[in-house]
Amino acid sequence: MNRLAIELPGLSLKNPIMPASGCFGFGKEYSQFYDLSELGAIMIKATTKEARFGNPTPRVAETSSGMLNAIGLQNPGLDHVMANELPWLTQFDVPIIANVAGSTLEDYIDVARVISTAENVKALELNISCPNVKDGGIAFGTDPKTARELTARVKEVSEVPVYVKLSPNVTSITEMALAVEEGGADGLTMINTLVGMRLDRKTGNPIIANKTGGLSGPAIKPVAIRMVYEVSQRTALPIIAMGGVQDSYDVVDYLSAGASAVAVGTQNFVDPFACPAIIEDLSKIVKEWELEHILDLKGRSWGKHGKTANHRA
Amino acid sequence: MIQKQDMIIVSHKQIADHIFELTLRGSLTNEMTSPGQFVHVKIMNGSEPLLRRPISICSIDRENEQFTMLYRVSGSGSGTSTLSQLMKGFTVNVLGPLGNGFPVDELEEGQTALLVGGGIGVPPLYELSKRLTSRGVKVIHILGFQEQKVVFYKEEFTALGETYIATVDGSFGTKGFVTDVIDKLDVTIDGYYTCGPAPMLRAVEQKLSGVDGYISMEQRMGCGVGACLACVCHVQGDDTGTAYKKVCSDGPVFKSKVVVV
Ligand SMILES: Cc1cc2nc3c(=O)[nH]c(=O)nc-3n(C[C@H](O)[C@H](O)[C@H](O)COP(=O)(O)O)c2cc1C
Ligand code: FES
């Protein structure tokens, strides 16, 4: 038995590790470092209906144990992704999770309907949490009613299970999770970045051209852990967790808090070999800790409270 | 091929105000092909500072498997100030070589190349100049700095060819900008190469619009390998507004008149 394999709605994962959306492009760049078939899955860059250039530069700034970014959903558009990026990825034995973004309900529906028909797209990730574009779906990600409605409408047209990516920039992320669960979501991915700023010491001006950016990296991990811990105990939906993962012990933390799989974002920039290194270390951990399966760790931080279904292969 | 390697510091010293010269040894050096490529340096293990720093390759010594880079310390508490404290014998983790550098075989023996650098954009021109002169190309260097105390590598460049220095405050060489020196030059230029701050690149591209040239762009980076889209620039003559080039992996060196500087 593969002690790292995991079954989630639409997804048969060799292991619980996947690169997070926006931190891995469409895979080409990182394929020069290792075989992408080693990955549990790949979350591709947000795709919108039309091509987008994104925000002006500078788009990134380093912060203490983290970074700010305001890329602005730059992507080549749905047609190009369908005709080029997704077919290119079929050479690898790895399920693709397509990150879908838009500014209107119709945008999401149009992209979801088409992209969910690609043979290697096994699930959608509705990006209702991008903080870097005014019309980038964050409106859907901060109001429970609209989020529920969007989820339900996308579910109607999607050929594959739908995961919803939650924003931490809300008063109650649990309320958002329950709303999209009601809307028919098959799973949750969390968290997207936290809105932040960095100022130039001399001039006082924001360093990022967009003024604000999304904070990612180790700095946000405590926040994300807390959110996964809370949400996983309130919904039955499986969670793919992300936020500041650098090594296999961070993965253990997320599983302990209640996640079923884990995505790696910013760390790919620090170490392009991060994902395969973490996967290798996880196999060592299951052996050393004599676990029957990696998901034996799932929810162990909850204490005596309930146990949800293990999503094990 | 891009490699990731712990490289050992063989020499590290300050050569001008806030400017450091760092020489590293390791087999990764053998992968470096053209001048103008850069490396992405992880200064310390762990998450502080988190991201790598892109730094241009200044000179390559294949025989000893070592290369040199110059960098500016951007302020106390910055990643580069931490880097500046690392001593000989320590290692730093290097990802590289990254990007596409300056082509050196476009000019023939006896032709004249103009190399124009500004501030911390000067270093990659040094390896370039060595390659060009070894092909018999005549080089003229114009190097611009803020003021005298940040001037570096004047002797090194002078040993390879005619070298003019301009400082903004006039404390060294010509007072003014590199373009003021270009105005006074009375030679036929067969090609130019430039690296430095964007306003300088724009001015040089405009001034030398009749000559073929190569421009090395600078931009804040995330991944350094083309995946995150932090470092994009617009393309000249693109009406759609969605065409772009990535400075890290399509550049940093572009033929003149290709990208919007
Ligand atoms: C440069 C950059 C671009 C990103 N682009 C996207 C995106 O297109 N869609 C999305 O859902 N999340 C995007 N994110 C958020 C990440 O997928 C992830 O949720 C977040 O960075 C937290 O994980 P980390 O700390 O491991 O990076 C982006 C993050 C970064 C740093
Ligand atoms: S720095 Fe990531 S694409 Fe250039």
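Cβ atoms are placed via backbone N, Cα and C, with glycine included.
Feature list (source: TrEMBL):
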type	residues	note
DOMAIN	B:2-104	domain 'FAD-binding FR-type'
BINDING	B:Arg53, B:Pro54, B:Ile55, B:Ser56, B:Leu70, B:Tyr71, B:Arg72, B:Gly79, B:Thr80	FAD binding site
BINDING	B:Cys223, B:Cys228, B:Cys231, B:Cys248	[2Fe-2S] cluster binding site
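On the structure: features taken from TrEMBL.
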residue: B:Arg53; record: FAD binding site; DSSP (3 states): strand
residue: B:Leu70; record: FAD binding site; DSSP (3 states): strand
residue: B:Thr80; record: FAD binding site; DSSP (3 states): helix
residue: B:Cys223; record: [2Fe-2S] cluster binding site; DSSP (3 states): coil
residue: B:Cys228; record: [2Fe-2S] cluster binding site; DSSP (3 states): coil
residue: B:Cys248; record: [2Fe-2S] cluster binding site; DSSP (3 states): coil
Exercise for the section: Name, in order along the sequence, the binding-site residues among B:Leu70, B:Cys223, B:Cys231 with a Cβ closer than 8 Å to any chain A Cβ. Expected result: B:Cys223, B:Cys231
Exercise for the section: Measure from the CA atom of B:Arg53 (FAD binding site) to the CA atom of B:Cys223 ([2Fe-2S] cluster binding site) and give the result in Å, rounded to a whole number. Expected result: 10
Handout entry: Pairwise Cα distance for B:Ile55 (FAD binding site)/B:Cys248 ([2Fe-2S] cluster binding site) [Å, integer]
Key = 11
Completion exercise
For B:Cys228 ([2Fe-2S] cluster binding site), the closest of the binding-site residues by C-alpha position, picking from B:Arg53, B:Leu70, B:Arg72, B:Thr80, is B:Arg53
Exercise for the section: Count, for each of the binding-site residues B:Arg53, B:Arg72, the other C-beta atoms lying within 10 angstroms of its own C-beta, and report the residue with the smallest count. Expected result: B:Arg72
Practice task
If we count other C-beta atoms within 10 Å, could you say which of the binding-site residues B:Leu70, B:Cys228, B:Cys248 has the fewest?
Solution key: B:Leu70
Handout entry: All-chain count of other Cβ atoms within 10 Å of B:Ile55 (FAD binding site)
Key = 22
Practice task
Could you list, ordered by sequence, which of these binding-site residues: B:Ile55, B:Leu70, B:Cys228, B:Cys231, B:Cys248, have a Cβ under 6 Å from ligand 1?
Solution key: B:Cys228
Practice task
List only the single closest residue to B:Cys231 ([2Fe-2S] cluster binding site), chosen from the binding-site residues B:Arg53, B:Leu70, B:Arg72, B:Thr80 by CA-CA distance.
Solution key: B:Arg53
Handout entry: Spatial separation of B:Cys248 ([2Fe-2S] cluster binding site) from B:Leu70 (FAD binding site) - C-alpha basis, Å
Key = 18
Practice task
Provide, as an integer number of angstrom, the distance between the C-alpha atoms of B:Cys248 ([2Fe-2S] cluster binding site) and B:Arg53 (FAD binding site).
Solution key: 12
Practice task
List, in sequence order, the residues of the same chain other than B:Arg53, B:Pro54, B:Ile55, B:Ser56, B:Leu70, B:Tyr71, B:Arg72, B:Gly79, B:Thr80 whose Cβ lies within 8 Å of the centroid of the Cβ atoms of the recorded FAD site.
Solution key: B:Val41, B:Met69, B:Leu83, B:Ile120
